[in-house]
Amino acid sequence: MTALLRLGYAELRAGLTVWLGVLAVSATAGLATGLAVSPVVTATDTPGVAALALYGLSGTTLAFTAVAVGITVASVAELTLALLRRRLALWLLAGVTPAQTSAVALGQLVVVALVGAAAGAGLAVVAAPWLVGLAIEDVAGLAGVRVHLGEVGAAVAAAAVVVLATISGVRPARRAGRIVGADPRRDAGTERTAMGKGRWALAIATVAALAAVAVGARGADDPETAVLLVAPLAATALVALAPTFAADGVRRWTGLVARQPAATWLLARAQTGELLRRSSGPLGPLVTVVALGGGIPAAHVAAGEAAGSRQPDASGASGLLLLLALPLFVTLVGSATAVVMSDRERTTDAAVALSVGATRAQVVTAALAHVLIVVVSATAVGLLAVAATCATAAWAFGPGSAVAGAPTALASVGVAAALCAVVQAAALLPAVARATRQRRHDDAPPPPQG
């Protein structure tokens, strides 16, 4: 047992970049979950109409944040163990059994997620009175209400993140153990990630819920809430099903770009395809950004048009702010972290490209092309969720309302995609720059002896 603990600790240090990514995402998820829970905690201690207003404002916000946190944490947990599978395959040389490998890998994930989630939830205790209080200060009936989270609320938020990370890591950890038991010389990265029973069950349940919400939106007591729920449900279903189409879809559309593509495009295409075969995790947060960023405003505008083009009041504006801010915060951090976590392999790829004659400009161009491929692919998938939202709005409110919300949806999708591209490029380029600088330093002639 002591040897396994020491091996696990050594692996944490060796894969520091990857585990710091898990820590950052867990902390962000703990913070966002705590902020989303704080209005509910406050409502339990608030009498009268103010409590009802807090419950009404927090319900949808909590649901949307839960979807964003769930997709992001699950994607990063899956990506983490997928990136470490080559290293885990070497543990057999130290006498580690497949079961022990799976247990240690999952234990590492749980420990790091626990530390990050606890830190994020603790920060939410301090930040909730200011951030959430600022968002609801103009809402009618909530003037003077002091938002708080408390220790119990923080513990619930942190526990939710840890449980989610644990559940998401069980199957990848088992897969890592099976590879170790099979052949440590095998390239773990080339094996395609398959859909597990749990993932199929999640996809089927989400599609069923989506169909029920969409059909029931027409004639519902609160059709706006029903239409708002379409985007997160569709995003969840698409992300759950991503292993069935992500790698093949990217390979096909990138092959149609040009008859004689540049070498940099071919390199980026190969890198992206190999990454998505190992894990669809890099797409999850980006799909969620596009789906929620386009779907929520579209539903809000369509509902306003159906109500007679009313001007949004303070409550609606504050609710929309909360609906967008927390999920987008989590998913953008997750998308940037997914890029940073692949730093080691990206550095190796850059070194190999430079060693066979590629220039520094070509390596940087290939990195930017990789960002473009990932963002365009995620945007295309996220647009399906936005289209489902607009179709449900047309069913619930009428075609005119859906048409009124379409320009807002397209503009929001464009902004979300551009924001994703900027975040991904900002996270990617420093690693590529370090790799190219290191290679130039290694290739420099030795100083003259004198």
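Easy rule for this one: first residue shown is 1, then count along the chain.
Cβ atoms here come from the backbone N, Cα and C positions, even for glycine.
The feature transmembrane segment is assigned by TrEMBL to 53-84 (among others). Sequence-distant contacts of the transmembrane segment (53-84) (same chain, six or more residues past either end, CB-CB distance under 8 Å): 11, 15, 18-19, 21-22, 25-26, 28-29, 32-33, 35-37, 39-40, 42-43, 46, 105, 109, 113, 136, 139-142, 145, 160-161, 164-165, 167-169, 172-173, 175-176, 189, 193, 225, 228-229, 232-233, 235-236, 239, 278-285, 287-288, 292, 296, 315, 318-319, 322-323, 326-328, 330-331, 333-334, 337-338, 341-342, 345.
Among the features that TrEMBL reports, transmembrane segment is placed at 105-132 (among others).
The transmembrane segment annotation in TrEMBL covers 152-170 (among others).
The feature transmembrane segment is assigned by TrEMBL to 200-220 (among others).
Within the chain, the transmembrane segment (226-246) has long-range Cβ neighbours (under 8 A, six or more residues past its boundaries) at 60, 63-64, 67-68, 70-71, 75, 192-195, 199, 202-203, 206-207, 209-210, 213-214, 216-217, 220, 276, 280, 283-284, 287-288, 291-292, 294-296, 299-300, 302-303, 323, 327, 377, 381-382, 384-386, 388-389, 392-393, 396-397. Look at TrEMBL and you will find 226-246 (among others) tagged as transmembrane segment.
Beyond its flanks by at least six residues, the transmembrane segment (283-300) meets 64, 67-68, 71-72, 74-76, 224, 227-228, 230-232, 234-235, 238-239, 242, 246, 276, 312, 316, 320, 323-324, 327-328, 330-332, 334-335, 338, 374-375, 377-379, 381-383, 385-386, 388-390, 393, 405-406, 408-410, 412-413, 415-417, 419-420, 424 of its own chain at Cβ-Cβ distances under 8 Å. The transmembrane segment annotation in TrEMBL covers 283-300 (among others).
According to TrEMBL, the feature transmembrane segment maps to 320-342 (among others).
As annotated by TrEMBL, transmembrane segment applies to 363-396 (among others). Under 8 Å from some Cβ of the transmembrane segment (363-396) lie the Cβ atoms of residues 210, 213-214, 217-218, 220, 223, 226-227, 230-231, 234-235, 238, 242, 246, 249-250, 253-254, 264-265, 267-269, 271-272, 282-283, 286-291, 294-295, 298-299, 302-303, 306, 339, 346, 350, 353-354, 402-403, 405-406, 409, 413, 416-417, 420-421, 424-425, 428-429, 432-433, 435-436, all in the same chain and six or more residues away from its ends.
Per TrEMBL, the feature transmembrane segment maps to 408-432 (among others). Outside the transmembrane segment (408-432) by six or more residues, the chain places 286, 289-290, 293-295, 297-298, 301, 328, 332, 335-337, 339-340, 343, 346-347, 350, 363-364, 367-368, 370-372, 374-376, 378-379, 382-383, 386, 389-390 with a CB less than 8 A from a CB of the stretch.
Within the chain carrying the transmembrane segment (200-220), a Cβ under 8 angstroms from the stretch's Cβ atoms is held by residues 226-227, 229-230, 233-234, 236-237, 240-241, 388, 391-392, 395-396, all 6 or more beyond its ends.
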